[in-house]
Amino acid sequence: MDAYTPHTAADPVEFYGTQVNSRLLLGTAQYPSPAILAEAIRASAAEIVTVSLRRESGAAKAGQSEPGKALAGQSFWQLIRDLGVKVLPNTAGCKTVKEAVTTAEMARELFDTPWIKLEVIGEDDTLQPDVFGLVEAARILTRDGFQVFPYTTDDLIVADKLLAAGCEVLMPWGAPIGSGRGLNNPYGLRSMRAHFPRVPLVVDAGVGLPSHAAAAMEFGYDAVLLNTAVAKAGDPVKMARAFALAIEAGREGFRADPMEARDMAAPSTPVMGQAHFG
Amino acid sequence: MSDPITLDHDEAATARAANAMRVTIVGAGVAGLTCAHAFAQRGAQVTVIERKSGSGQGCSWYAGGMLAPWCERESAEPLVAELGFESLDYWRREVPGVPAEGSLVLAQARDLPDLKRFSRRTEGYEWIDGARLGELEPDLAGRFEQGLFFPTEAHLEPRKALAALTGRLVSEYGVTFRYQSDVSSEVYDPASSSAPVDDEADVVLDCRGLAARDVLADLRGVKGEMLVLYSTEISLKRPVRMLHPRIPVYIVPRGDGHFMIGATSIENDERGRVTGRSLLELLSAVYALHPAFGEAEVVEIGADVRPAFPDNLPRIRRRGRTILVNGFYRHGFLLAPALARRAAELAFDGTHFPEVMDEDRREW
């Protein structure tokens, strides 16, 4: 299949001073094979991929002072690096501040990037962020030179505290991770956009369909991050491309300054000057 | 040479042996043993070299032994299922004790979307309700409202199956096994047409799994962890897969109250170490299937690394007189016999199998 190519003039988005043209951030877990993952990334033209670093990757073994380096030669990581995309490592599955900070440090060593998608999970069934731990971990990591992409809720006060902790990007959830339910709280997401007009906002998690991603972009969000919706589709490559198209459509729709919805019909053809019969 | 028909039996055998293709197989896992069988059946004189002290003690030791091509079809390429059907027939024909009781796929009520998705991606099943589940597996009666039953699938006990196959190779085909032999890259040079591993061999088969990474640059390791539980409080006739968005597990009954629980799948090539998290996840999932597993005795925990190519599909490649058979990923028992037959036809007949031979070198 042809890779997706944007139809519009360059419309880059900036995260921590780094410009990218694609507004789709793609997760790398759960694909049928690394080959299909690579093809999906190419088909979507995504420039940023998230990578989850499970701590069991041998890093915690006693006596290994440089766990990241011990992993660096391993095939899967090499394959990701070979894709030539920017890697946004994440702290998926971490439940405590300490765990998240340790994982972030490992990721920085392994991928040689200050970027970290910060997840501090509060509860297993909803994988809801523990926003208190999140703010604390964000503060620690920012102080340590990380550029933090926090996975958060649509709570405005939490967002404020994350910004105060040094975050320059916010990533509110659409719905629980992996649920595919779309944008559960459109009002909350819109008001977040309105409150933080200049902070790059990324809808992260819960997106199931291309139309969900298009809706987020129509709200004026800067990008969408997703994984399961593509990885677990019957044809991940086709779905990756579908999301890229939807995100472009939503973004263009937003930039085109859409009409306001109204309660009553408004004729789309002019009535003035029409001939009167009878 | 004399007409073989005029020779007596022993002389004929000697003559055959003299003309037989001499094959050295490196690795006595499921790949090496099925290759040994396929080549021996064609009359080759086979020697198997293995660095461990017995057959099937690498990755094969930790295999689930599910012969479930329809179930694998859910997440694997169609080729895996196609090769799997051939292998399913092989194991049922060649090895005793391969119960064809089918397999079950179940999910907790909250994970029903995963069950529906699973059903959409494959065939060869029937939807069953709680009552039918109770008929199939009385101990699971009342625990699940819906499930998928794949009646044509089977399972085997990998360790017993490979022991049985090894026995047949020795007694029926006179295959020689050299265990605890050094097969490291110093003595084995597949790039060379005169590989010193065995100067007499016409064909060398490299079935070393992940160890062949020294000559297969695109091979990677995918770690898997498993455990064996013992319980007399529950019995199952067939493998059960429990779907879960994060922790899918399967339980394979091994008989005599033993159950193999598997398996994690981690992009990592670290051998041996089983983590607390993996154990916790495997055990919670199996406990959700039936609380009796909470009381079960932990008999064994183990981990090894599966060899896989980037598309997770198997390969046959050639380097001079060496044939490499590798990349079975999570599907060793499901793929090995089908690949072994192809490797033998390649060596004996020059047959080309594009579905598993990505390096197109037709000359032999």
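Any Cβ shown, glycine's included, is placed from N, Cα and C.
Model, not experiment: these values are computed from the prediction.
Now, the feature entries from TrEMBL:
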- A:Lys117: active site, schiff-base intermediate with DXP (ACT_SITE)
- A:Gly178, A:Ala205, A:Gly206, A:Asn227, A:Thr228: 1-deoxy-D-xylulose 5-phosphate binding site (BINDING)
- A:15-270: domain 'Thiazole synthase ThiG' (DOMAIN)
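Each of the recorded positions A:Lys117, A:Ala205, A:Gly206, A:Asn227 was checked for a CB under 8 angstroms from a CB of chain B; none meets this. A:Asn227 (1-deoxy-D-xylulose 5-phosphate binding site) carries neither a helix nor a strand DSSP state and counts as coil.
Spread of the 1-deoxy-D-xylulose 5-phosphate binding residues is 9 Å (greatest Cα-Cα distance among A:Gly178, A:Ala205, A:Gly206, A:Asn227, A:Thr228).
The Cβ of A:Gly206 (1-deoxy-D-xylulose 5-phosphate binding site) has A:Trp173, A:Gly174, A:Ala175, A:Pro176, A:Ile177, A:Gly178, A:Ser179, A:Gly180, A:Arg181, A:Gly182, A:Leu183, A:Asn184, A:His212 as same-chain neighbours under 8 Å, each 6 or more residues away in sequence.
The candidate set comprises the binding-site residues A:Asn227, A:Thr228. Of these, A:Asn227 has the most other Cβ atoms within 10 Å.
Within 8 Å of the centroid of the Cβ atoms of A:Gly178, A:Ala205, A:Gly206, A:Asn227, A:Thr228, where the record puts 1-deoxy-D-xylulose 5-phosphate, the same chain has further Cβ atoms from A:Gly27, A:Ala175, A:Pro176, A:Ile177, A:Ser179, A:Gly180, A:Val207, A:Gly208, A:Leu226, A:Ala229. The Cβ neighbour count for A:Ala205 (1-deoxy-D-xylulose 5-phosphate binding site), using a 10 Å radius over every protein chain in view, is 25. In this structure, the CA atom of A:Ala205 (1-deoxy-D-xylulose 5-phosphate binding site) is 12 Å away from the CA atom of A:Lys117 (active site, schiff-base intermediate with DXP).
Across the structure, A:Asn227 (1-deoxy-D-xylulose 5-phosphate binding site) and A:Lys117 (active site, schiff-base intermediate with DXP) are spaced 14 Å apart at their Cα atoms. Taken as a whole, the domain 'Thiazole synthase ThiG' (A:15-270) shows an average pLDDT of 89 in this prediction. DSSP assigns the residue listed as 'active site, schiff-base intermediate with DXP' to a strand in the three-state reduction. The two recorded residues A:Thr228 (1-deoxy-D-xylulose 5-phosphate binding site) and A:Lys117 (active site, schiff-base intermediate with DXP) have their Cα atoms spaced 17 Å from each other. The Cβ of A:Lys117 (active site, schiff-base intermediate with DXP) has 26 neighbouring Cβ atoms from other residues within 10 Å, across all protein chains displayed. Residue environment of A:Gly178 (1-deoxy-D-xylulose 5-phosphate binding site) contains 19 other Cβ atoms, counted within 10 Å of its Cβ in all protein chains.
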